[in-house]
Amino acid sequence: MSLFEAIILGIAQGLTEFLPISSTAHLRIVPALAGWQDPGAAFTAIVQIGTLIAVLIYFFRDIVTISGAVIKGLMNASPLGTPDAKMGWMIAAGTIPIVVFGLLFKTEIETSLRSLYWISAALITLAIILSLAEWLIKKRIAKGIEPKSMSDIRWKEALIIGLVQSIALIPGSSRSGVTITGGLFMNLSRETAARFSFLLSLPAVFAAGIYQLYKSWDSLMASTNDLVNLIVATLVAGIVGYASIAFLITFLKQHSTAVFIIYRIALGLTILALIATGNVQA
């Protein structure tokens with residue numbers, strides 16, 4: 001991998017990690033279109049550490065508040081004593097499903113599921129499901145039903161969204177896409193669904209990144225060029241990712257996810273067309 005490729009892939013990761021359009025899909029598609037080698041699942045997981053740092057910085061106050069409440073609750077023998085402490089434990093519990101399924105299907109995730117056929121199918125399928133969630137929002141608005149805010153999230157919502165997050169193990173589905181969609185089905189506001197999605201991403205993305213970094217450590221140490229490129233891609237992903245978070249939170253306050261639904265369907269169909277015409281290999 002060249003430095004130029006690392007920068008482009010870092011930008012792709014940062015732009016698409018938080019938008020509901022799948023960063024993994026773009027890290028698979030961009031190299032295929034450019035004629036580069038697939039960077040692999042390990043590269044994807046490690047570069048996500050950059051976007052993890054973006055979440056830590058953007059939601060720094062929320063994270064400090066929640067973490068402090070969890071620690072204080074444990075010290076006072078009242079782990080669920082405050083809403084912030086409860087939020088921390090709900091995030092932890094919501095992370096369990098993706099960890100379990102990730103370990104069970106690790107081989108498939110890193111190999112067969114990275115096929116562009118799977119990616120295009122996931123892009124289109126989630127777009128259809130997300131459009132259904134948007135339709136439900138309109139129905140609720142017509143009935144005068146108010147959407148839920150962060151303070152309204154309960155164990156039911158957290159656990160269901162956490163379970164739904166497991167679908168993100170399929171490349172092309174989008175971790176933020178499936179969790180935001182799950183939140184919308186649970187009547188969270190679009191902004192709240194995005195905020196909870198980003199906070200829920202922290203444990204899973206951190207664990208996946210550290211695991212893949214550990215697995216790849218020897219090969220990275222053996223190649224200074226690969227290590228430098230990975231660091232550059234991670235830094236670029238973090239910077240672009242921060243801007244992407246700010247954009248999406250602001251965007252969803254005023255707009256629906258329609259533009260992302262259209263983009264996902266168009267991209268999925270384009271990939272299938274490129275495969276059919278022999279322009280890219282699945």
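Placement of Cβ uses the backbone N, Cα and C atoms for every residue, glycine included.
What Swiss-Prot lists as transmembrane segment is 40-60 (among others).
Per Swiss-Prot, the feature transmembrane segment maps to 85-105 (among others).
Under the heading transmembrane segment, Swiss-Prot lists 117-137 (among others).
The transmembrane segment annotation in Swiss-Prot covers 158-178 (among others).
Sequence annotations record features per position, and here Swiss-Prot assigns transmembrane segment to 193-213 (among others) based on sequence analysis. Counting only same-chain residues 6+ beyond the ends of the transmembrane segment (193-213), those with a CB under 8 A from a CB of the stretch are 18, 41-42, 45-46, 48-49, 51-52, 55-56, 58-59, 62-63, 66, 87, 91-92, 94-95, 98-99, 102, 150, 153, 158, 161-162, 165, 175-176, 179-180, 182-184, 220, 245, 248-249, 252.
Positions annotated as transmembrane segment by Swiss-Prot, on the basis of sequence analysis: 231-251 (among others).
The annotation transmembrane segment is assigned in Swiss-Prot to 258-278 (among others) on the grounds of sequence analysis.
Sequence-distant neighbours of the transmembrane segment (258-278) (same chain, 6+ residues past either end, Cβ-Cβ under 8 Å): 19-22, 25, 29, 33, 116-117, 119-124, 126-127, 130-131, 134, 172, 177. At the 8 Å Cβ threshold, with sequence separation of at least 6, the transmembrane segment (231-251) lacks contact with the transmembrane segment (85-105), having fewer than 3 such pairs.
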